[in-house]
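Trainee: Input: one structure, supplied below.
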Amino acid sequence: KVTIKGIERELICPACKELFTHPLILPCQHNVCHKCVKEILFAFEDCFADGGSESSNQSSPRIKISSSSMDRIDRVSRSGRKRNSLTPRSSLFPCPGCQRDIDLGERGINGLFRNFTLETIVERYRQAARAAIAIMCDFCKPPPQESTKSCMDCMSASYCNECFKIHHPWGTAKAQHEYVGPTTNFRPKILMCPEHEMERVNMYCEICRRPVCHLCKLGGCHANHRVTTMSTAYKTLKEKLSKDIEYLISKENQVKAHITQLDLLLKETECNSERAKEEASQSFGKLSHVLEEKKSAALRAIENSKNLRLEKLQMQAEEYQGLLENNGLVGYAQEVLKETDPSCFVQTAKQLHVRIQKATESLKSFRPAAETTFEDFVVDIAKQEEILGDLSFHSNGLEIPEINEEQSRMYNKALISWERPGKTDSADIYVLEYHKLNREEESATWQEIKVCSKSKVISDLDDDSSYAFRVRGYKGSICSPWSREVILHTPPAPVFSFLFDDKCGYNSEHLLLNPRRTSVESRAGFPLLLGSERMQVGCYTTLDYIIGDTGIAKGKHFWAFHVEAYSYLVKVGVVSSNKIQKLFHNTHDVTSPRYEQDSGHDSGSEDAFFDSSQPFTLVTLGMKKFFIPMTAAAPKDPASRILPLPSCLGICLDCDKGKVGFYDAGRMKCLYECEVDCSGIMYPAFALMGGAAVHLEEAVTAKYGEYHGDI
């Protein structure tokens, strides 16, 4: 025997959340009240007419359409379907049980079967629930008697014993009527086909999983479907259902064990939630305590400053009050002037005269003894507000990621890499946020990117700008706090891409290019020893020059490179196309004592060594130092012109303004800038001597970021 009250959950309509009333079986095998189906369809079609507005969801107080169903309604309404105002004709029905769109076919509601079995079970449940409430006879004179039978043939009526005998006399056709116990749930003796109302269902469609009649099989929508007899379907389904029920009953102990475990988990969840609430309350209490202390300290400081300022201003007011006639200092001086004895007068007037002079000076340059504003006591809480805005729950095991500033770089694009301090409990996904630093904007708008790896390439950033980056990890619904913000600077101009030219002036005996032409190396080998013979006549060996394979005609451009720390002498800069021949075939030895820019020899005016006779604009690097050229604006002290060599150098050429700047590419800080003649096409230029090497900075690509993350 099954306890009726224990199955209430199975008897609730998913739409109205009440006991089923005339339930209909949907094609998805879920049950919905007949009235609920009509109301949902009307609401569905109202949404078509109203463009999916939420107001149409209030058409009936009995039903509640979920947000997912409303999304589907919006989608269908945009497809252009229109509503028939008389009856719900939409073939698309949003099932409240499985949250899917169900096609009801051409007949719509009329093509659905009524679930009489479910109705009977609901009726038994209702009778068990109301127990003492009896069903009264429909034919007794008032007061009606309690019914004892319900006739299935007499218009679904209930009778007491006397009324049943009167209305079903012996020897008549009514005496053959079928009767059951008192009930309000009446079902037909024969289940009729909803599509062919005069035909009884006698087959079961295995494809559609629903009863059908012989007309449905012959020429209806089930003509090509696999069907079986109703008795066979009944026997098969009953055996399967019985076996499944027997299996579940045999696992009763296992089910009870799971129920016991779930009860414990419920209690544990309650306890843990209370503990979490208490801990959260304590955490916020600590914050409140800190804020109260800070508030008290700030108010106390303002009050002390106020008292001190009032005291100073009051004293100053009293002093100026004494400058009035017959008052204070002036009145006292007037009395001293009445003294006729010279010695006594001099004795008193000397100190008095000093005081009078001070009062006169203060009168000429009046300034209040204290400020009236309290601008220095304004509390800046912008950062604290931002931190509190990001306050969220986080797991102790989910560590805060840290942005690796050495691996992160800013060039043509931004490559942001991060790592976690520990190697366990890594996040499932990371959220990278960044925004442009702008002094004019009070509140920054962070742009968010979800990343599955530990690096990300970001493009479309503004030139000559600063950006702040931060990252946090997520593991399910748990998130870590934000990492420390890292600020990176974009290049001052678009990045210019080129390779070293292995043809124009390239000296393969002294210089060595890599196959990609992105690195050049000058090795102090045998050719350099041969050149050292020139030292007997007072000259040094010459520099070996190499230029870029692409020139610049206009605009502003930036490129970066690395100089190896062991490099003895490297010169970098730009050269004009009309001076390239002069650069490689100059009759003068540019590194001789007379022409060496940093030699210190007097070869004319040292302020004019970057004149028009020079075929290039270069600066000198070497021995881990950056040498600022001697100009009129440069410091006279040589030590002030020597800077540490940055790990990455950059050059910014502005052809429109005729200027070239040399940058610390890591911080995007300009180290030196000068004017340059851009009348021709400009090429990047490099010069090396002795052991030295230069590597061009590689452009940041998306593949580079992925490869970098794998490492």
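The backbone N, Cα and C atoms fix where each Cβ goes, and this holds for glycine too.
Okay, these came from TrEMBL:
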DOMAIN    13-50  domain 'RING-type'
REGION    51-90  region 'Disordered'
COMPBIAS  55-69  compositional bias 'Low complexity'
DOMAIN    188-230  domain 'B box-type'
DOMAIN    337-394  domain 'COS'
DOMAIN    400-493  domain 'Fibronectin type-III'
DOMAIN    478-709  domain 'B30.2/SPRY'
Trainee: Please give the average pLDDT for the domain 'COS' (337-394) in this predicted model.
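Mentor: The answer is 78, the mean pLDDT of the model over that range.
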Trainee: Is it possible to list how many residues within the domain 'Fibronectin type-III' (400-493) are helical, extended or coil according to DSSP?
Mentor: 0 helix, 43 strand, 51 coil
Trainee: For the domain 'RING-type' (13-50), what are the DSSP-based totals of helix, strand and coil residues?
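Mentor: Each residue of the domain 'RING-type' (13-50) counted once, the result is 17 helix, 7 strand, 14 coil.
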Trainee: Could you count the residues of the domain 'B box-type' (188-230) that DSSP puts in helix, in strand and in coil?
Mentor: 7 helix, 11 strand, 25 coil
Trainee: Write out how many residues of the domain 'COS' (337-394) are helix, how many strand and how many coil, based on DSSP.
Mentor: 34 helix, 0 strand, 24 coil
